[in-house]
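Engineer: First the structure, which I've put down as structure tokens, then a few questions once you've had a look.
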Amino acid sequence: MALRCNLRSSTLRRFRLFSTSILNPDSKSILTSKEKSRSALSLIRFEKNPERVLDICRAAALTPESHLDRVAYSRAISSLKESQHYEGIRTLINESITRPYFKSERFVSHFVVLYGQAGLVRDAVRLFDEMSQMGVDRSVKTLNSLLFSCILAGEYGEMKRVFSEYPKKYGLEPTLETYNTVLKGFCESGSANSSYSILAEMERKGIKPNATTFSTAITGFYKEEKFGDVGKMMDMMKKHGVGAGIGLYNVRIQSLCKLKRSTEAKLLLDTIKGRGMKPNRVTYNHLIFGFCVEGKMEIAKNLLKEMIDSGLKPEARCYFTLIYYLCQRQDFEAALAICKDSMLEDWVPNMSTMKSLVDGLVSIEKIDDARWIIEQVKEKFSRNAGAWAEIEENLPK
């Protein structure tokens with residue numbers, strides 16, 4: 001008995017040392033669970049070797065219970081998919097599922113979704129079908145995960161099959177979330193007209209649609225440029241007693257901006273204000289992006305000012321969008337001013353955008369400003385410090 005305990009302790013110590021050597025090779029101290037997760041997430045982000053990615057995941061002993069670990073799982077799946085290392089994806093998920101405390105519906109649902117993210121829908125379906133053999137009860141929640149997995153993989157035909165066959169096959173009653181998920185799949189695949197049959201079925205079964213139901217359908221009809229159907233959906237919302245809140249208006253504004261109809265989208269902003277509703281950051285983000293894409297930079301800049309004046313704080317991506325498109329339009333002074341505001345919030349655009357800004361500032365002979373930008377970026381991103389030092393070296397003297 002004592003020998004067995006000693007062997008177990010020795011094995012555990014070796015695993016802990018292995019974990020530390022992989023996740024933090026410069027330290028001999030044992031990492032906490034959260035430190036392992038953070039280290040794994042950071043390493044996976046830049047690791048290109050698929051076998052190394054698997055080793056990092058094993059060393060961190062990832063668990064879907066932790067938000068950080070769920071992000072790490074997702075990053076690992078994306079990395080392995082990029083390397084086309086599909087067997088590695090199967091290995092990672094299978095090794096996770098074999099852990100006894102992972103055999104719950106909640107965890108299996110997570111792995112079903114990860115298979116979809118990897119584009120391995122057959123594996124997701126197989127895992128769902130084998131839940132009983134694993135001793136895990138399935139419910140409509142797992143069915144919803146499987147439907148979402150099909151959508152992630154772009155396997156809309158399989159989504160339709162699962163939706164058509166599985167509720168009856170496994171005795172599962174679709175819920176509002178089920179219908180909203182399937183509706184999302186139909187609308188993403190260019191079949192927004194299916195919204196009418198889905199809504200009719202929901203009504204027959206006494207399931208009341210919500211704002212998400214109609215937002216999804218409206219997004220689909222905008223995508224297909226069926227504006228008359230958008231109006232019909234708005235009328236159906238009233239019939240079902242679903243209010244048109246700011247979320248729905250944001251969906252409509254975003255959809256119009258994607259169609260490069262930002263001027264129409266801005267009219268909806270006026271409608272929002274006229275009805276006594278308050279636009280939020282999302283509203284302005286969509287509009288600023290839309291006008292930037294259309295090259296209407298003055299309107300975009302005015303919207304940023306209006307947003308700030310109304311007491312709303314812009315998000316990082318709002319600044320990044322403006323800086324990028326101002327550089328594209330060669331308005332480097334305006335880009336610099338917004339970049340400085342962004343940096344005050346400790347938000348720095350990616351290297352490509354910043355390089356474009358530096359080059360632009362040099363082209364208009366603002367060398368000191370270009371040098372200042374480089375110094376700021378070098379300080380914040382030591383990983384790229386060498387590349388920036390080379391750029392700085394080549395600046396005009």
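Yeah, the Cβs are placed from backbone N, Cα and C, and that goes for glycine too.
Copied straight from TrEMBL:
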type	residues	note
REPEAT	175-209	repeat 'PPR'
REPEAT	245-279	repeat 'PPR'
REPEAT	280-314	repeat 'PPR'
Engineer: Can you tell me how the residues of the repeat 'PPR' (280-314) break down into helix, strand and coil by DSSP?
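Structural biologist: Helix, strand and coil residues of the repeat 'PPR' (280-314) number 26 helix, 0 strand, 9 coil.
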Engineer: Taking helix as H, G and I and strand as E and B in DSSP, count the residues of the repeat 'PPR' (245-279) in helix, strand and coil.
Structural biologist: 26 helix, 0 strand, 9 coil
